[in-house]
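Structure first, then comments.
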Amino acid sequence: MFHLRTCAAKLRPLTASQTVKTFSQNKPAAIRTFQQIRCYSAPVAAEPFLSGTSSNYVEEMYCAWLENPKSVHKSWDIFFRNTNAGAPPGTAYQSPLSLSRSSLATMAHAQSLVEAQPNVDKLVEDHLAVQSLIRAYQIRGHHVAQLDPLGILDADLDSSVPADIISSTDKLGFYGLHESDLDKVFHLPTTTFIGGQEPALPLREIIRRLEMAYCQHIGVEFMFINDLEQCQWIRQKFETPGIMQFTNEEKRTLLARLVRSTRFEEFLQRKWSSEKRFGLEGCEVLIPALKTIIDMSSANGVDYVIMGMPHRGRLNVLANVIRKELEQIFCQFDSKLEAADEGSGDMKYHLGMYHRRINRVTDRNITLSLVANPSHLEAADPVVMGKTKAEQFYCGDTEGKKVMSILLHGDAAFAGQGIVYETFHLSDLPSYTTHGTVHVVVNNQIGFTTDPRMARSSPYPTDVARVVNAPIFHVNSDDPEAVMYVCKVAAEWRNTFHKDVVVDLVCYRRNGHNEMDEPMFTQPLMYKQIRKQKPVLQKYAELLVSQGVVNQPEYEEEISKYDKICEEAFTRSKDEKILHIKHWLDSPWPGFFTLDGQPRSMTCPSTGLEEDILTHIGNVASSVPVENFTIHGGLSRILKTRRELVTNRTVDWALAEYMAFGSLLKEGIHVRLSGQDVERGTFSHRHHVLHDQNVDKRTCIPMNHLWPNQAPYTVCNSSLSEYGVLGFELGFAMASPNALVLWEAQFGDFNNMAQCIIDQFICPGQAKWVRQNGIVLLLPHGMEGMGPEHSSARPERFLQMCNDDPDVLPNLQEENFDISQLYDCNWIVVNCSTPGNFFHVLRRQILLPFRKPLIVFTPKSLLRHPEARTSFDEMLPGTHFQRVIPEDGPAAQNPDKVKRLLFCTGKVYYDLTRERKARDMAEEVAITRIEQLSPFPFDLLLKEAQKYPNAELAWCQEEHKNQGYYDYVKPRLRTTIDRAKPVWYAGRDPAAAPATGNKKTHLTELQRFLDTAFDLDAFKKFS
């Protein structure tokens, strides 16, 4: 009866585990590897007695039949026999018959159904076997594709060979098929295109076409994608017979591009054989591959391509893809060339480039930008993505149809660097997506000297891309036409679905890691084979000559023509005496600087605002500008507090930030704030995105309701990534100087997760690449007893990387000294102690006539501190950011009586003033706050030191002595006063960890350094 009850269930498709047994069972080929399945021609409902109302009766009849088949009517006997034999219910049931001669014949026919069923089973199972075989090729065909041009290793490191698709009789046996089945014709499923216009094919032809599609020089990984339309699209591109065809003109273009790629490297080798250039030998096909992607994208409407790549083949890409003048490249090899620009410059294979030209294939304008990068592999990936996102944003390209990115990778780095994973996970996030990136992996099967088997645990270096359902196309780089086809498909995929795609160029490296390196030390067998390997240009030229596409003289003429171009450029390069790094800018800002790249002025206007603007922004910040929007009760109280502040003409930290952002939006400046939990704020103080408590996912951003024609405000919670997201925001800030781009760390302690971006891009970016950037880092910092991972943004590290000289007092009489200082520094480091100063420094960041990175150590406890308030009076027109906030209490009235002048920065000021008040030492101890640490305010601090002639000087900080600001401030203070006095220290003792995890210890340390700061005899023993 169970069988009858489950008739409907048997209509469902069988799972893979139900249909195919594992090959390891080693069953004889004749034994079926499929469970029996019924091919129903009528629905179960054809049997009226199988309804729920009759089930009890049917069960009784079935039990009786099991005990004695003769105990039930003959029609029941036939029905139960047919059903158990697998006949469909509509066929199994026979109406009760009379005992006429015709009735007996009909009954005999019904009885014969049972005997005929095995033939039906075989037919069904054979078709299922063929469908499973097709699916096996689609899923695992890439494992047996001929991808390695050297023929040494499989491109994947998976030691198991898919036995069900290898070219042997095992293939048939695995699916229960025989040699005799090879010429049988099978209907093709809808999930394959190998038939073209034919609905059925012989098994032999099915296998041949599958092997042509999936097991030649292209390996396709796509069946993990969970979108049927996308899978069908890929199947159609690779399975359709004859789809990979090229015209003779396309073949000649491909040959010409290979000539340029190959002869460029050979020219460099001839002229500068002992120079490092990280040549492309062994993967010369990369150049035509990139040009194909760009051609296809241009044809689809893309007019701006932003690229990122490592050093391998970079000069070739600059020369033959971006089309940088060859003489500008060649002159970089001249050791006598002088650098005319400020800054230190960088190696030629790190430089970027920006170029606008006509694409000759599509006859359309296209802009190409190659982003400069350090040697830190893959570090430029998120930077490229951020720049791409920004360019899309500024031109209103909401679908990525005009601007796109191409990222090049090495196989070892693509598998080994975590930033690749972080970047992939930004690809589909609404505020970070670039609507698809084409990734090209130069898979030369070695990482410097490391074998792939020691460099990754995954079969392919590209397996990381599977996490975002990106299709992966592996291709043998010694088959240029296969490479071109794959690149066309990749560009079409990106244009169609606006998702990432990976092209894995399986190639080799003809030389060592660089031209001076000896690879035979570590890869002797591989390099013996490489020495025998015929270059891909020679192979392809011979193929085209044999096909009659070109003749030998035409081929040789193409070579000599490009060689002549190189020689002429080499001659011109000798005339270059000065190296202008600015010619290698990857992100020019038209109109922002003068024609020679200088600021249009060296002044900064007031950063204050009219009171009506402050009031208007404050009112919007304390309201909900959308009707029928229910906010949380706790948020209502926060907005009420904001309204009271505005009424009282004061701001707290959150309101000061709001006013800075809102005023810039009014001036047409886009503001983008990104980071973990920034919409609400880690400390629940910001609340820039309001959530309706009654409607799911309904939100409101009041900042976008300030003015009728304001610039848009973007605030976006990021993924839990620092390295990737900070790199992304840096790239976003590269695109335009007229945007305030901020990244906020959840806690300042976590900025070191993005240390590479800070050390290699933000700090030295202008010095290396003459590229300014105005990104702002907001780093919550403060010793508040929260333990070693929630206390310190490591200010000592940022200050240690500042480029000013601690031992040289600058010319304090210079006109606009403060602005000149800002122009000369590599970044600005501030620690504001008031909301008003925070407001001013954010506005100054945009009003300056140039751009510098801004590092802000933001407070935590000050966000709600009752004394951390600023009056509107300090934010009105005529007010500025205060680099130093001097003492303004009783000590300032009688400076001669002051016995100690304490210098400090940030939150510790409030601890010091509280302690000073408790000790009643307001006339004896003056406290001066240094708000801008770098560039150091020598001029203002000199005035402060001179103001208190009888006071001893001390630096006070809450951080440990070997951390914080002391080592940076002390030598500069000493230089300021011409070393006339010592600069004493009041703060925590040196320590390995940034802070204690014990609350009592924290408070004890705090009181100890406060005692030192106000003990006027504390330093006498050292005098």
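Glycine too: its Cβ is placed from the backbone N, Cα and C atoms.
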Recorded Mg(2+) site member, picked from Asp411, Asp463, Asp478, that accompanies Asn444, Ile446 in Swiss-Prot: Asp411
Per Swiss-Prot, member of Arg312, Arg314, Arg771 binding thiamine diphosphate alongside Asp411, Asn444, Ile446, Gln676: Arg312
Proximal residue to Asp411 (thiamine diphosphate binding site) among recorded positions Lys74, His143, Lys534, Lys564 (C-alpha distance): His143
When distances run from the Cα of Gln676 (thiamine diphosphate binding site) to each of the recorded positions Lys74, His143, Lys534, Lys564, the nearest one: His143
Spatial neighbour of Arg312 (thiamine diphosphate binding site) that is closest, considering only the recorded positions Lys74, His143, Lys564 and their CA atoms: Lys564
Pairwise Cα distance for Asn444 (thiamine diphosphate binding site)/Lys564 (N6-succinyllysine) [Å, integer]: 30
Residue pair Lys564 (N6-succinyllysine), Lys534 (ubiquitin cross-link) - Cα distance, angstrom, rounded: 24
Cα separation, Ile446 (thiamine diphosphate binding site) to Lys74 (N6-succinyllysine) (Å, whole number): 75
Maximum Cα-Cα separation (Å), residues Arg312, Asp411, Asn444, Ile446, Gln676 listed as binding thiamine diphosphate: 37
Where Lys74 (N6-succinyllysine) falls in three-state DSSP terms: helix
For the recorded positions Lys74, His143, Arg312, Lys534, the one whose C-beta sees the most other C-beta atoms within 10 angstroms: Arg312
